[in-house]
Amino acid sequence: MLHDIRYLLQSLRDKAGLHVLVALVYALVFTQLVHSDFIAYGAFDPHVFFGMFRVSDDPNIANLPFNVSSVMFMAFGLALPLGRFSRYLMAAEPMVYVRKRRGVAHFLLYLASAVAYCVMFTVVQLVATFALRGDTSLRSQLPGAVCAAGVLLLLMLIVGAGHLLGSAVMGYLAAALVYAAVLSFGKFDGWLIASGACSVPHWAPVLLLCVVGLAVLDTFLLCGNEMY
Amino acid sequence: MYVQVSNYSKVIRGKEILRSVNVGFERGAIYGIVGPNGSGKTMLLRAICGFIRPTSGSVSIGGRPVVFNEKLPEKIGVIIENPGFVGSETGMQNLKYLADINRAFDSAEVTRLLKSFDLYDARDQKVKSYSLGMRQKLAIVQALMEHQNLILLDEPTNGLDARSVGVFLDQMRRQRDAGRTIVIASHHDGELTQIADRLYAMADGRLSS
């Protein structure tokens, strides 16, 4: 486990400059969108976290383009690690795996690091939102922040499944298609945002089920993944 | 036979990488497998390590089966492809981390091996500062440091200078005399003929003596 952690940390430290560059580009995009009042591309709503999906309140504007900020959140959220988490997931170092087999423990470390990354990515933007906009509150931002972080984790797991099935490209494509499909159906998004039993929004149990399902799938794929 | 590979075939994406390989390796002997790139040498070593599932056939070590992704019946020292050391850590730290996986760090043996490969003075340098030859020597040390009974080495002399090759060959003889089984895969038959007790040729997934 110690070797795994050090291997993961090293892979994250490598090429730090490129990570910083991607982060800077996103910071620019983020700042522009947070200050945006241009309704056609989803003007900033002080009651909804930047990365949270929304339902278009203008019948002349389709749902997908109304969610530019959410799309940017997910796109840069996936791009910023530059595939390092997936590469760690796929790491097949013979020196290590001849000593201990690759299995659930390896996947759990990957999952823990992915969760930590999603939380950190979201928290930084929460803080930045408060710094840039004085017209919002933690109470209004927090539920959307939790949802956005969860969706980002789900998309990372989809990308991971793609890697495990032999095609990173297909993983990214699948993640993009899934999110685009979800955003394209305003009525479905409206249902997800609406509260269900015990005032819990429908997205919460749906997201939880999807994340758990993908995690189980990825674990299954990892344990069956040959090293050649 | 200590290691027995029985009718082992492996097909990947419709291509037969290993074709009905039948071979046995005794204790206390050095075996060489010579063949060009792409002949299946590395895949055979992966099969013995249980890194792949057989399309047909089986592998056993010490009479116990090797099952894909399950705990191996014996400790194996292995070099397959470029070793993936953690570059930001020192040579000694990398060896400790690997040995600590099975709580098998033997300080005296590691010191002896590092000294014999002229790596002792560089043990506290970060691996990212190592040359190719130094990394390869470190890989050899990790393959031997836990007194593994079976040692599988794929192109172990890559990047080694003539003196280091000599040290490597002496170490292999020493390990063999201690009763260990060593299987070396290489496309250079020159070095193998110097130490191998038995040589095999691999071509197009088939092994022949």
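Cβ from N, Cα, C; glycine included.
Record features, source TrEMBL:
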type	residues	note
TRANSMEM	A:20-44	transmembrane segment
TRANSMEM	A:64-83	transmembrane segment
TRANSMEM	A:104-128	transmembrane segment
TRANSMEM	A:140-159	transmembrane segment
TRANSMEM	A:164-182	transmembrane segment
TRANSMEM	A:202-223	transmembrane segment
Long-range CB partners for the transmembrane segment (A:140-159) (under 8 A, at least six residues beyond its ends), listed in sequence order, are 46-53, 70, 73-74, 77-78, 85-86, 114-115, 117-119, 121-123, 125-126, 129-130, 168, 171-172, 174-175, 178-179, 201, 203-204, 207-208, 210-211, 214-215, 217-218
Query = So are the transmembrane segment (A:20-44) and the transmembrane segment (A:104-128) touching or not, going by 3+ C-beta pairs under 8 A with a sequence gap of 6 or more?
reply = yes
Long-range CB partners for the transmembrane segment (A:202-223) (under 8 A, at least six residues beyond its ends), listed in sequence order, are 89, 102-104, 106-107, 111, 147, 150-151, 153-154, 157-158, 160-161, 164-165, 191-196
